[in-house]
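Student: These came from TrEMBL, pasted as-is:
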| type | residues | note |
| --- | --- | --- |
| DOMAIN | 65-445 | domain 'Amino acid transporter transmembrane' |
| REGION | 1-25 | region 'Disordered' |
| TRANSMEM | 90-115 | transmembrane segment |
| TRANSMEM | 143-164 | transmembrane segment |
| TRANSMEM | 170-190 | transmembrane segment |
| TRANSMEM | 202-224 | transmembrane segment |
| TRANSMEM | 239-259 | transmembrane segment |
| TRANSMEM | 271-296 | transmembrane segment |
| TRANSMEM | 358-381 | transmembrane segment |
| TRANSMEM | 387-408 | transmembrane segment |
| TRANSMEM | 420-448 | transmembrane segment |
């Protein structure tokens with residue numbers, strides 16, 4: 001007998017694989033049950049034994065209202081990179097910096113809304129790989145999975161490095177090596193890793209936003225009342241300008257898991273409301289940071305606003321706040337990646353019950369251990385992350401949303417529906433993405449080469 005779930009919605013539309021489940025469990029489902037309740041990092045899903053037949057179906061439990069999704073977008077998008085916006089504005093100048101924010105704010109909103117359109121046409125698509133499989137075939141789908149999950153893994157490893165820096169700042173009076181500070185961060189993350197749905201992070205998302213805003217307020221107050229300006233050591237060149245402009249672009253980047261966020265929504269058609277609210281809040285915060293830091297120091301604004309805090313309790317407080325913020329940011333990314341791993345390798349970890357939760361604990365801990373090892377074993381790892389971001393994040397932000405929309409909507413269709421401007425915008429997003437990949441990759445390679453030539457640290461060094 002099929003169980004009834006009040007918030008569930010069945011997707012079994014025929015044609016071009018749209019009704020096929022994005023979850024692909026192995027032939028033997030856990031416990032041999034007819035219906036398995038999978039608590040995933042993306043959504044609560046019922047997988048029927050019918051999923052192994054051509055006429056398969058997915059049942060999703062959609063629980064999240066659009067304001068909660070907006071909070072999740074803000075928490076996922078805003079990161080430690082906002083602390084560098086002041087320095088980036090110092091390089092390109094206040095006018096150019098504000099123009100960049102005014103340009104890339106609507107550009108990122110546009111590509112996010114494209115993913116909303118993709119979700120409406122492909123309601124069973126829970127991630128980029130699913131959507132690409134449905135419209136372009138399995139090879140494109142595998143490429144989409146690879147781009148997303150490898151990028152998430154690299155981001156998670158980088159979050160651990162930044163988390164280690166924040167731990168060091170919060171206990172500045174002790175001399176703690178980076179690997180040990182990073183290890184302390186992993187211990188702090190263990191409880192949050194046990195959340196298995198994005199909708200379960202709504203309150204934590206609001207806390208995360210509050211912590212980063214409070215940190216910014218501490219830094220800007222210090223900068224405005226007791227300016228700790230740092231003169232630039234050299235005149236910036238072409239690649240420096242491109243790197244800073246890219247910083248403004250990716251300050252809004254969060255599109256890589258927006259299909260997952262929509263899968264959690266009670267009413268996915270309200271996703272545009274979440275996009276406009278979240279990006280407007282982000283734009284306001286970024287503009288205040290750029291303007292106030294530039295007014296305080298002009299072209300001598302530090303590249304990292306945390307550097308303006310004097311040694312003392314303010315520095316310790318800012319470090320503790322950043323620890324909380326990064327813990328939530330890591331948790332959001334790890335849910336999506338670990339959910340995918342469990343679906344393919346250990347679906348029993350996505351059920352209810354103590355045994356399932358223990359399996360989830362083992363998977364999340366193993367992945368976190370891999371992130372920790374990689375992040376501390378590779379010298380210049382954060383520069384390597386910047387390189388992977390230039391190659392992969394750009395695709396998630398601009399190229400893949402445009403490709404998916406164009407693959408779903410022919411020019412004749414957009415003409416009939418009066419969406420020619422969206423069609424042109426999609427092509428423009430793809431071209432911008434290609435340019436950013438080329439320039440971002442080149443800039444990252446130049447930076448890595450320069451640091452390698454001057455000597456680099458050893459693995460697991462302080």
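Backbone N, Cα and C atoms are what each Cβ position is placed from, and that goes for glycine too.
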Student: Answer yes if the transmembrane segment (271-296) and the transmembrane segment (239-259) have at least three CB pairs under 8 Å among residue pairs 6 or more apart in sequence, and no otherwise.
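Tutor: Contact criterion met.
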Student: Below 8 angstroms Cβ to Cβ, which residues of this chain, lying six or more residues outside the transmembrane segment (170-190), approach it?
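Tutor: Cβ under 8 Å, 6 or more out: 160-161, 163-164, 311, 315-317, 319-320, 322-323, 326-327, 330-331, 365, 368-369, 372, 375-376, 460-462.
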Student: Out of 143-164, 239-259, 358-381, 420-448, which stretch has the largest tally of CB pairs under 8 angstroms to the transmembrane segment (387-408)?
Tutor: 420-448
